Amino acid sequence: MSDHVWLAVALTALGTFLIRLLPLLWMQRRLARRQGENGVEALPPWLSILGPMMIAAMLGVSLIPASPSATTWLATLVGVIVTLLVWRQLRSLGWPVLGGVASYTAVILLARLFV
Amino acid sequence: MTLSTTSPHNRGWLLGLRDAIPLLSGYIPVAISFGLIAIQSGFTPLQAVLISLLVYAGASQFMFVGLAATGAPLWLVVSMSLLINLRHLVYAPGLAPSLNNSRWWPWMMHGLTDQIFALALNRLPQLEPGQRLSWYSSAAMLAWGSWVVGTAVGALTGDWLMSRWPLVGQVTPFALPALFLVLLAPYATNPRWAISLSLAILTALMMALYGLSNIGIPLAAICGALCFQLIKPRRPQHV
């Protein structure tokens with residue numbers, strides 16, 4: 001790898017870190033100026049909405065299977081349903097994820113047996 | 001040792017590790033793929049690992065090695081890689097109300113990936129203030145470590161691994177949407193949130209299907225936020 005590529009790695013690493021860091025410093029100063037307020041109240045309203053929306057957008061992108069086919073889409077649908085059902089029962093973080101992955105795997109394996 | 005008998009600080013570390021475990025099944029296969037692609041693009045295993053250690057941003061790393069392999073100019077490689085990461089601008093301010101003034105927090109922002117943000121946004125407010133830094137540190141370090149180790153494994157053995165156990169690589173990435181789903185599920189009882197979040201999910205899904213996933217994430221989030229603003233909140237019923 002040439003020196004130029006190392007420079008590109010260094011600039012990308014520094015730039016990525018600053019993209020994550022600088023908004024924190026801005027927000028901490030804003031919160032410090034509004035010390036009397038509750039943290040959530042000092043948060044600009046658009047920001048408290050945008051957080052969950054970013055998660056939703058990432059969910060939308062991550063739902064697309066790596067190799068899309070009827071089977072993997074069906075597995076995704078079953079995985080989503082099972083994840084939500086397990087969450088409804090247990091209201092925990094790990095078990096619904098495990099249930100979703102297990103059901104996704106089961107559909108893929110069943111499809112291999114019967115299709 | 002159980003969670004209930006440990007000190008708040010140690011409990012934060014243990015909770016962070018426990019909460020971040022579901023992330024690993026999403027991180028490791030992608031990290032292995034990155035290691036494999038980096039090698040195929042002409043990077044050495046050490047270089048691939050250093051990129052994961054220093055840049056630590058999935059999509060932009062793929063873009064970086066892809067563009068560098070084609071001999072693209074330095075400014076283009078850097079600017080395209082950073083452009084993908086611009087969505088991270090809104091992450092830290094969203095977490096800031098839950099953070100104290102510890103001098104460690106700014107350094108911890110290196111670990112603020114999409115998934116850690118999603119996890120922290122939900123979990124930090126539920127924890128005692130004294131547990132939050134240790135919770136975040138352990139969750140972020142486990143995720144970062146798995147990303148770096150996964151890259152090394154991919155760079156050294158990726159070809160063999162994927163041909164030996166293709167099913168593992170195929171099914172474990174589903175842990176990621178499952179995790180996002182669990183984080184959003186509590187909002188589903190409120191129609192205003194449910195409709196807006198569904199719109200954001202569908203918009204991002206459609207844009208990703210057309211190959212626009214990176215720009216699709218911020219755009220879909222903005223669509224969802226606008227929809228949320230347009231829907232009037234329900235007034236409490238007076239009897």
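Even glycines carry a Cβ here, placed using N, Cα and C.
Quick caveat, the model's predicted, so the values are computed rather than measured.
Remote same-chain partners of the transmembrane segment (B:20-39), defined as residues 6 or more beyond its termini with a Cβ less than 8 Å from a stretch Cβ, comprise 45, 47-49, 51-52, 58, 61-62, 65-66, 115-116, 119, 138-140, 142-143, 146-156, 158-159, 161-162, 168-169, 172-173, 175-176, 178-179. What TrEMBL lists as transmembrane segment is B:20-39 (among others).
What TrEMBL records for B:51-84 (among others) is transmembrane segment.
Positions annotated as transmembrane segment by TrEMBL: B:133-155 (among others).
According to TrEMBL, the transmembrane segment annotation covers B:167-186 (among others).
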Contact set, same chain, for the transmembrane segment (B:133-155): CB under 8 Å, 6 or more residues outside the stretch: 9-10, 12-17, 19-21, 23-24, 27-36, 38-39, 43-45, 48-49, 51-53, 56, 58, 99-100, 102, 104-105, 108, 110-113, 115-116, 119-120, 123-124, 127, 161
